[in-house]
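Structure first, commentary second.
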Ligand SMILES: C[S@@+](CC[C@H](N)C(=O)[O-])C[C@H]1O[C@@H](n2cnc3c(N)ncnc32)[C@H](O)[C@@H]1O
């Protein structure tokens, strides 16, 4: 998959550019130029020609993300002790300049995405039919990638009005915003930091470096734009290349709307609205089967597997995607190695995953019912032997549940006590109306995951079911009004606009936050 990462991506690090960056140190930081990547060199980096063999015009320069220059972080940090950059008048780019794209370029990106969507849709059925497991012809990765590539991007208006699961969509988005609002402020979690007054949450000028693993179509870009601390760099990784193209497109269109996201929400603490759009990079990459340390921008920010790593991202986010890593211990460990190596010490690892307690309860109940049924049929059979023998090879009932919106189905036997041992490879298929078509996922047994995370210096800070998050945060002075603006409930602390069926799906998930110690 490493090859995928190179398509339409920033070119190799250019030392000449670094020199000029150093010379610019005091005047032209990424902050001072509005965080834009567009004036950091030409769009394709390697030479002065674009894809059509033409010399790029100045206009072209804004079209593609440029290599991230970690050295440029230095001036920003230094300035924290003197004048805050936010005190100085910001040299804003003209809104839309970085993201402007020619009509023909936009049309060709769209055409390529549509073509790939058609191809992926044609093969997804066949891939699922082949099972995808060790016995299947295709690996889980390919099935998952093809599935997400084939999910059409229907646009925000449809999601807000036409979708049958719009209540669930807004609720899940509110939970993700809540996580971002609660845990993205940069705090020094090392022992004694508070006493030493080194809690950085209050320091001005510190900007976040965010890595979004399994970023999909970039659905969380706007949430990061509204984070309580300004984001300097957002890197999105996902193996689904069509999704990555759509994420790039979304990012470009955010830029063309002035970089302010949808605006109006402001940050959690202080009601700040971000004016500038952060620097965004997107790569097609399998983050569970291989190291992400070969991606330039990851190296430039810092990729250190040792617990001493002082550089790295402030946040690694993994929303609704980690369950794909629990196919095997090898993958789960590779995923954690990637997370931990990318994080700086004190950085946070945020995410949401299916709730193994909910799954365990359902499975236990299913097995109890199955045992009772078996016992009953054995006793009636003793009295009057049944003629209805199970045919040889006929499938036993397996654990399955859901409602009109979602369905979870285990293909094989499940543990009687609902505790998944060993903690890897417990495959089930998940269907969600309009969103996920019977895609294989894996149980993430919470306690096992938490214990393994400790091997990677990740310590648990927060773990809550979606329902509990609602109960705890719905009256928060920021998150409560945010839920109203997002359409989770009616204005004036009115009723929840999420149906009980949608809430049942939402409560299939838990959110978490770890920090790197
Ligand atoms: C349900 S979507 C979530 C997308 C996004 N995080 C969100 O919350 O809207 C799950 C994502 O996980 C991604 N994914 C699956 N396997 C992955 C892997 N090996 N590495 C990184 N991402 C993966 C899928 O391609 C898909 O985009």
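Quick reminder: no glycine exception, Cβ is built from N, Cα and C everywhere.
Nobody curates TrEMBL annotations by hand; they come from automatic prediction.
Note that the structure is a prediction, hence the values are computed from the model and not measured.
Taken from TrEMBL, the feature region 'Disordered' applies to 1-121, 252-273, 370-398. Look at TrEMBL and you will find 33-42 tagged as compositional bias 'Low complexity'. Here TrEMBL flags 163-517 as domain 'MRNA cap 0 methyltransferase'. The feature mRNA binding site is assigned by TrEMBL to 172, 173. If you look up TrEMBL, you'll see 217, 223, 250, 323, 441, 509 marked as site 'mRNA cap binding'.
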Of 172, 173, 250, 441, which recorded positions come within 10 Å of residue 217 (site 'mRNA cap binding'), going by C-alpha to C-alpha distance?
-> 250
Which of the recorded positions listed here (173, 323, 441, 509) have a Cα atom within 10 Å of the Cα of residue 223 (site 'mRNA cap binding')?
-> 173
As a whole number of Å, the Cα atom of residue 441 (site 'mRNA cap binding') is distant from the Cα atom of residue 323 (site 'mRNA cap binding') by 6
DSSP three-state call for residue 217 (site 'mRNA cap binding'): helix, strand or coil?
-> coil
May I ask which residues of the same chain, at least 6 positions away in sequence, place their Cβ under 8 angstroms from the Cβ of residue 323 (site 'mRNA cap binding')?
-> 353, 354, 441, 442, 443, 444
Cβ proximity for residue 172 (mRNA binding site), under 8 A, sequence spacing 6+, ordered by residue number, returns 320, 466, 506, 509
Mapped onto three states, the DSSP assignment of residue 250 (site 'mRNA cap binding') reads helix
Using Cα coordinates, what distance in whole Å links residue 250 (site 'mRNA cap binding') and residue 173 (mRNA binding site)?
-> 16
Residues satisfying Cβ distance under 8 Å from residue 173 (mRNA binding site), sequence separation of at least 6 | 219, 223, 486
Local confidence of the prediction over the domain 'MRNA cap 0 methyltransferase' (163-517), expressed as mean pLDDT | 88
Per DSSP, residue 441 (site 'mRNA cap binding') is which: helix, strand or coil?
-> strand
Look up residue 509 (site 'mRNA cap binding') in the DSSP assignment and report helix, strand or coil.
-> strand
